Amino acid sequence: MLLEPGRGCCALAILLAIVDIQSGGCINITSSASQEGTRLNLICTVWHKKEEAEGFVVFLCKDRSGDCSPETSLKQLRLKRDPGIDGVGEISSQLMFTISQVTPLHSGTYQCCARSQKSGIRLQGHFFSILFTETGNYTVTGLKQRQHLEFSHNEGTLSSGFLQEKVWVMLVTSLVALQAL
């Protein structure tokens, strides 16, 4: 039997509020690029709560589809908790890898990743590619190009979908359970 119209809407509103609260606490990783003259900046941004920063390592790998780790990375950043930041729910930490002049050696597949040494959480960003062409130009595919360094939670290529999938599974399961009442 289906829920009464008023009860179903109320239950759905409560579930959506729960999902919104939980997804705001998720740790996400995004990848982006910006070009400044001949320089190309590859940027890995991790969104997290300030208390989650301790023990987190953000790293960028090239051509490492199966074994991207801090040990095999091009560059890594160890996050530290900033006690000076109060009242902030979610903050971002960025790792920037700068290529001064893109050459054929830079062609390849890149990936931003992060790992927590405390909680065992591992985030893997989407793969993106740099292709150096014969004319001396290059293209970056798989993410959005940026002309200047501005980041917001809604931009970039959202990648750590595991926690978001768990939230959606919880939402669907809850709706099915409510319909069974």
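Cβ atoms are placed via backbone N, Cα and C, with glycine included.
If you go by Swiss-Prot, Cys44 shares a disulfide bond with Cys112, out of Cys9, Cys112. With all protein chains in the displayed structure included, the most crowded Cβ environment within 10 Å among the disulfide-bonded residues Cys44, Cys68, Cys112 is that of Cys112. Asn137 (N-linked glycosylation site) sits 22 Å from Cys61 (disulfide bond), taking the CA atoms of both as reference points. Within the same chain, residues at least 6 positions away in sequence whose Cβ sits under 8 Å from that of Cys61 (disulfide bond) are Cys68, Ser69, Thr72, Ser73, Leu74, Tyr110, Gln111, Cys113.
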